[in-house]
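Asker: Questions regarding the structure given below will be posed in turn.
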Amino acid sequence: MITMCSSSGLLSAILLGYFLRLLQLLSTCLAFSLVASVGTWMGAVSNWSIFIWCSCFLVTLIILIIEFCGLQSRFPFSWYNFLITYACYAALLCISASILYPISYIWFFPHGRSQDHAIAATAFSCIAAVAYASEVAWARTWVWLGVITGYMVTVPGLLKGLETFVAGVIFAFIIDSHWYLHQPALVWCVAVYSICFLLAATALLLNWCDCDNRLPIAFPTFLLGLTLLSVLLYTSALVLWPLYQFDEQLGGQPERLRCNDGLVYSVCTWDQQLAVAVLTAVNLLVYVVDLVFLAHMVFSRTEDQLRGSQFPLLYKS
């Protein structure tokens, strides 16, 4: 529930929200329209980018229709937590499309209409990412003013969303199972990615469905345990994945082989393996930062309770 300090504040918040949504609609629509108009989508990366732009356009349009019709209260979950979660994921998805699409295609198109449309589509994808990120930043501003509360507008909430997103990108790179089925250590790494993704997704769903208060322990303490376990698991994956993918003595490929010339329709296998290693390190870093924030919250709560004060209800939506 969003509570505004005054009617003017409510009006400005509504207008800003609608402006950002219209900008999101326009930019994503133009991005996939420009690519589709000249048939410049081909291969997994381009299909993925088109899927992102179309999905963001469709979901944003549905959100606008629901808000115009005033149907938010009919959903059995926190509408505001849903909006901030969606904006966070949409920003990350548009950022990934803004990076992967130009790297894989723009430089390989001949000068002309196809390349111009691809460049323009990338620009509008960047605008969409900024629009979605602005919605998240706007929500964070109201948190500092004490106007709104909720788990997804806290730093741990945003980090949990980032953790699941990075894990999703990892899954996209390891979709070809022949990379790891021959090696138990690599199978363990895939299991780590899956387990940690499910743990983070469970935490988000519990809060999204307002079930966090039904746990036998405090929700921050529950999150601290999940995050600590994920840090330990990801540490093992960070060691094993590069070791068994790039060490020749363990059956890995230490050097990058030459990929096909011309237009890149897919990412080289060695590049994908390297991307998984880098993303594993990135996600481990995110988990460590999340762990530090949660530890500070839990121990601060304990100290405040010992002093007789109340821990701030940051997670109450």
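Numbering starts at 1 and runs along the chain as displayed.
Keep in mind that glycine also has a Cβ here, set from the backbone N, Cα and C atoms.
Given the structure is predicted, the values throughout are model-derived calculations rather than measurements.
In case it's useful when we look at the structure, here is the feature table from TrEMBL:
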- 12-144: domain 'MARVEL' (DOMAIN)
- 50-71: transmembrane segment (TRANSMEM)
- 83-107: transmembrane segment (TRANSMEM)
- 119-139: transmembrane segment (TRANSMEM)
- 151-299: domain 'MARVEL' (DOMAIN)
- 151-173: transmembrane segment (TRANSMEM)
- 185-209: transmembrane segment (TRANSMEM)
- 221-244: transmembrane segment (TRANSMEM)
- 274-299: transmembrane segment (TRANSMEM)
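In terms of burial and nearby residues, how do these features look in this structure?
Answerer: Broken down by DSSP into helix, strand and coil, the domain 'MARVEL' (12-144) contains 117 helix, 0 strand, 16 coil.
Counting residues 6+ beyond its ends, the transmembrane segment (83-107) has Cβ neighbours under 8 Å at 24, 28, 31, 40, 43, 45-46, 48-49, 52-53, 55-56, 59-60, 63, 115, 118-119, 121-122, 125-126, 128-129, 132-133, 135-136, 139, 150, 152-153, 157-158, 161-162, 165, 169, 204, 208, 263-264, 267 in the same chain.
Taken as a whole, the domain 'MARVEL' (151-299) shows an average pLDDT of 83 in this prediction.
Beyond the ends of the transmembrane segment (185-209), by six or more residues, the same chain brings 76-78, 81-82, 85, 151-152, 157, 160-161, 163-164, 167-168, 170-171, 174, 179, 215, 219, 222-223, 226, 229-230, 233-234, 236-237, 240-241, 243-245, 280, 283, 287, 315, 317 to within a C-beta distance below 8 angstroms of the stretch.
Among residues of the same chain six or more beyond the transmembrane segment (221-244), those with a C-beta under 8 A of the stretch's C-beta atoms are 156, 160, 163, 183, 185-186, 188-189, 192-193, 195-196, 199-200, 202-203, 212, 215, 250-252, 276-277, 280-281, 283-284, 287-288, 290-291, 294-295, 298.
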Asker: Under DSSP, the domain 'MARVEL' (151-299) has how many residues in helix, strand and coil?
Answerer: 115 helix, 0 strand, 34 coil
